[in-house]
Amino acid sequence: MGEVKLEDIFEILDNYDKDNITIATLGSHTSLHILQGAKEEGFRTAIVCEKGREVPYQRFDVADEYIIVDKFKDIVNEDVQQKLRDMNAIVIPHGSFVAYAGLDNVEDKFNVPMFGNRDILRWEAERDKERALLVEGEVRIPYKYDNPSEIDRPVMVKFPGARGGRGYFVASSPEEFNKKIDAMKARGWLEDSDVANAHIEEYVSGCNYCIHYFYSALEDEVELLGMDTRYESSIDGFVRMPAKDQLDIDLSPSYVVTGNHPAVIRESLLPQVFEMADKLVESAKKLVAPGLNGPFCMQTLVNDNLEVICFEISARTDGGTNTFMGGSPYSYLTYGKPMSMGRRIALEIKNAIKKEELEKIIT
């Protein structure tokens, strides 16, 4: 961990009233089902919301308490932290929390108990660390290029952090790479520091499945909770154009995620789906203890050889979990009732309180 020490978090947790725990999160990303799931398991809920963005949470009535801030990043301010601690809050991280609060602040300044592994958030954000987790687990991944001058076939170019696909692009040569970098910088999507940390990997042609898992530290078991695919702008609109028109216009499609839709995968591929998750969980335990505690996502492509290839991970609840707020076919198979990712998180916290094992799932 950074300057936030585990023993200090445990001391705060020891002073909490375990009969009155509040589940809290930042008002964005996946907060609707995080809070609704907490309510379904009997918890009070709280949301830290940027001024002017509270309407969805009021309309859906998912929060018992509101902490309104000028900017999302204010969640790390001491007065906000104290309000959370006074509520006996356990904070659930998600992509927007990481992006707005900032990893340095989460590691060094945010002295509020968090569900899951605080340390692993940096491992998903930094491409080399993310890749190390996959390599250690011997998970099938795309080939990586160390320098744009080596590009000799179609590649996907990505950048650090939780961006929702913004700035990603495909290139087939060093010249095309440089041209598209210049265009992205002109749009204000990239800075020189981003370019220096560009992640270049082979473009895998296949169907996209974002696979959502939950690792229970209490039961030492990986659960498959759901899958989704993405609506991405502008590539989804671009591919609906006739081929002639695509060739005639000078457009570089972007891959900005604008929404998600649920998916199921061919049943014969499920052994690969479980195996790759089990491998990743074990490598995470080894490289960044206590590992992938709670929700995580493996973003994959399935090629025409029916190989499931992982190109990215999320080490916390992923935006695609919004597709199964009322449960998915896979969570139904496990639980026989509606089970969202938010509810599964709350259930883990509830079980940990009963077993007096909160320290296993909190950092």
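Easy rule for this one: first residue shown is 1, then count along the chain.
The backbone N, Cα and C atoms fix where each Cβ goes, glycine too.
Feature annotations, courtesy of Swiss-Prot:
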{"type": "BINDING", "residues": "148-210, Glu232", "note": "ATP binding site"}
{"type": "BINDING", "residues": "Gln299, Glu312", "note": "Mg(2+) binding site"}
{"type": "DOMAIN", "residues": "118-354", "note": "domain 'ATP-grasp'"}
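Taking the features listed in Swiss-Prot, we show where each one sits on the structure.
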residue : record              : Cβ neighbours (10 Å)
Pro148  : ATP binding site    : 19
Met156  : ATP binding site    : 19
Ser172  : ATP binding site    : 13
Lys180  : ATP binding site    : 17
Gly188  : ATP binding site    : 7
Ala196  : ATP binding site    : 9
Val204  : ATP binding site    : 19
Gln299  : Mg(2+) binding site : 19
Glu312  : Mg(2+) binding site : 21
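This prediction places the mean pLDDT of the domain 'ATP-grasp' (118-354) at 93. Annotation note: Met156 (ATP binding site) sits in a strand segment as assigned by DSSP. Straight-line distance linking the Cα atoms of Gln299 (Mg(2+) binding site) and Lys180 (ATP binding site), rounded to a whole number, equals 24 Å.
According to DSSP, Val204 (ATP binding site) sits in a coil region rather than a helix or strand. Under DSSP, Ala196 (ATP binding site) is assigned to a helix (H, G or I) in the three-state scheme.
Residue pair Lys180 (ATP binding site) / Glu312 (Mg(2+) binding site) shows a Cα separation of 22 Å. Glu312 (Mg(2+) binding site) falls within a strand when secondary structure is assigned with DSSP.
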